[in-house]
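For Asp27, His114, Glu473, the entry in Swiss-Prot reads substrate binding site, with the evidence type similarity to another entry. What Swiss-Prot lists as thiamine diphosphate binding site is Glu50. The region 'Thiamine pyrophosphate binding' feature in Swiss-Prot is assigned to 390-472. Per Swiss-Prot, the feature Mg(2+) binding site maps to Asp440, Asn467, Gly469.
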Amino acid sequence: MSYTVGTYLAERLVQIGLKHHFAVAGDYNLVLLDNLLLNKNMEQVYCCNELNCGFSAEGYARAKGAAAAVVTYSVGALSAFDAIGGAYAENLPVILISGAPNNNDHAAGHVLHHALGKTDYHYQLEMAKNITAAAEAIYTPEEAPAKIDHVIKTALREKKPVYLEIACNIASMPCAAPGPASALFNDEASDEASLNAAVEETLKFIANRDKVAVLVGSKLRAAGAEEAAVKFADALGGAVATMAAAKSFFPEENPHYIGTSWGEVSYPGVEKTMKEADAVIALAPVFNDYSTTGWTDIPDPKKLVLAEPRSVVVNGIRFPSVHLKDYLTRLAQKVSKKTGALDFFKSLNAGELKKAAPADPSAPLVNAEIARQVEALLTPNTTVIAETGDSWFNAQRMKLPNGARVEYEMQWGHIGWSVPAAFGYAVGAPERRNILMVGDGSFQLTAQEVAQMVRLKLPVIIFLINNYGYTIEVMIHDGPYNNIKNWDYAGLMEVFNGNGGYDSGAGKGLKAKTGGELAEAIKVALANTDGPTLIECFIGREDCTEELVKWGKRVAAANSRKPVNKLL
């Protein structure tokens with residue numbers, strides 16, 4: 001079988017497990033899209049704009065482990081770069097592929113459309129290098145296989161996005177055939193000496209410490225170490241807490257799990273348990289202003305074992321080339337029981353999170369009642385995509401059955417991320433019950449991608465909280481800029497359905513102003529398997545979780561610190 005640059009790329013994407021790639025057409029990528037379509041083992045999924053295309057791919061990567069997005073040059077790629085920055089921050093291997101001008105024009109110094117009006121066309125590649133783990137431009141078919149393999153292998157190894165630029169007159173040119181897929185997955189093993197030393201130093205560090213706690217961080221999935229973390233926790237016997245962005249990365253029904261560790265907004269008893277611990281073994285954590293509640297919840301470095309995806313720092317010694325999965329597996333085989341932290345937590349009798357009792361069905365709808373009814377929908381096969389804002393805190397409060405997942409974008413924190421991410425996730429995992437929790441302000445940024453849920457008949461259940469503004473910004477710093485124009489959100493579903501058109505959809509838009517109306521709307525949503533259901537939930541502007549208020553004040557205080565005289 002003969003290959004072109006485009007079909008080579010398609011085959012490599014299929015070989016790494018992709019069944020879909022996301023795309024927005026533009027004249028510099030049309031021939032490439034044609035070539036990708038020739039591979040019948042992968043479907044081309046279309047998005048409404050390039051920002052959404054990037055976020056859709058990011059959501060797909062959460063479900064499938066990797067993703068690809070195809071856009072046009074400059075006017076497309078520069079929009080997608082926002083989402084690629086998010087994929088970098090969230091440790092997700094998204095392959096961004098951009099069409100590019102004909103290399104004859106590039107060589108001749110012609111001024112072209114969709115560009116800056118200059119004759120240097122390297123600027124997009126140079127920009128991409130700052131937000132990806134690898135970036136390559138293909139100007140000849142001979143160099144295509146090596147460059148394609150390089151970026152894909154880098155994405156899979158580093159769990160970071162990569163960038164590939166293909167000149168429009170190169171996509172259909174013949175090139176070499178792809179070899180075995182195994183070459184793309186090869187990764188350097190842990191250095192045995194460094195691994196053994198890290199394990200022995202850790203055992204020595206905790207030998208005389210009984211109250212040992214485990215803190216699960218948001219890079220645990222990227223490290224491929226979720227199962228290893230459970231085995232280690234079971235062997236250790238200590239308390240296990242998750243950082244906010246790592247919710248669902250450790251099974252909440254595990255007997256060692258004590259809840260979310262998030263400073264002042266932690267689960268009851270968790271903050272005190274973590275502070276009283278003799279040692280904290282942090283697994284792939286991210287300590288930023290959000291995760292530390294405005295820098296108020298940072299572990300004591302004298303008690304900390306910092307286990308990153310590829311290195312371990314313990315007792316002031318850094319052990320490189322140690323894979324987290326290998327480290328935890330080896331520790332689980334050698335560690336002695338250390339139950340002190342879990343015993344201490346139990347002695348506090350801190351109780352469970354206070355949950356709202358069922359509301360009067362005729363009473364005006366409130367935030368707590370929405371969260372209660374959403375939590376009742378959770379099964380081991382459910383994924384909740386929680387938008388930046390109070391949806392974070394509502395999802396944090398939910399008790400997850402084993403197998404349920406929650407997805408956040410807490411490092412990048414781009415409002416509007418959740419809508420295309422939920423679309424992409426549902427494309428990648430259509431067998432799951434996919435729930436989207438999003439506020440009205442965030443929804444307005446990326447609402448168009450609901451139309452693609454309609455197009456592909458994806459039964460995503462969307463809980464849209466209509467409280468007339470950016471609530472998370474209100475809690476951090478209020479002003480008139482946090483007020484938004486109200487929409488008829490439920491009414492949008494008729495727009496997206498395009499009733500009467502050649503591809504009329506089956507999306508449903510419903511409104512809920514009471515708990516009873518919400519319960520009835522959920523029944524309709526569960527019965528609608530032919531498209532998304534958007535439930536517009538009306539609540540008061542000041543109605544939010546107590547946790548958001550506390551957290552917002554801490555983050556606001558961190559933002560308002562006096563300036564320093566010197567930057568790093």
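Glycine too: its Cβ is placed from the backbone N, Cα and C atoms.
Because the structure is a prediction, the values reported are computed rather than measured.
The CA atom of Asp27 (substrate binding site) is located 14 Å away from the CA atom of Glu50 (thiamine diphosphate binding site).
Within 10 Å of the C-beta of His114 (substrate binding site) there are 17 other C-beta atoms, taking all protein chains into account. Asp27 (substrate binding site) is surrounded by 13 other CB atoms, counting those within 10 A of its CB over all protein chains shown. Counted with DSSP, the region 'Thiamine pyrophosphate binding' (390-472) comes out as 34 helix, 17 strand, 32 coil.
Mean model confidence for the region 'Thiamine pyrophosphate binding' (390-472) is a pLDDT of 96. Each residue in Gly439, Gly441, Ile465, Asn466, Tyr468, Tyr470, Thr471, Ile484, Arg541 lies on the same chain as Asp440, Asn467, Gly469 and has a C-beta within 8 Å of the C-beta centroid of that Mg(2+) site, without being one of the site residues.
Residue density at Glu50 (thiamine diphosphate binding site): 27 other Cβ atoms are found within 10 A of its Cβ, drawing on all protein chains shown. For the pair formed by Asp440 (Mg(2+) binding site) and Glu50 (thiamine diphosphate binding site), distance between Cα atoms is given as 21 Å, rounded to the nearest Å. Taking Glu50, Asn467, Gly469 as the binding-site residues under consideration, the smallest Cα distance to His114 (substrate binding site) is found for Glu50. In this structure, His114 (substrate binding site) belongs to neither helix nor strand by DSSP; it is coil.
Sorting the binding-site residues Asp440, Glu473 by the number of other Cβ atoms within 10 Å puts Asp440 first. A gap of 28 Å separates the Cα atoms of Asn467 (Mg(2+) binding site) and Glu50 (thiamine diphosphate binding site).
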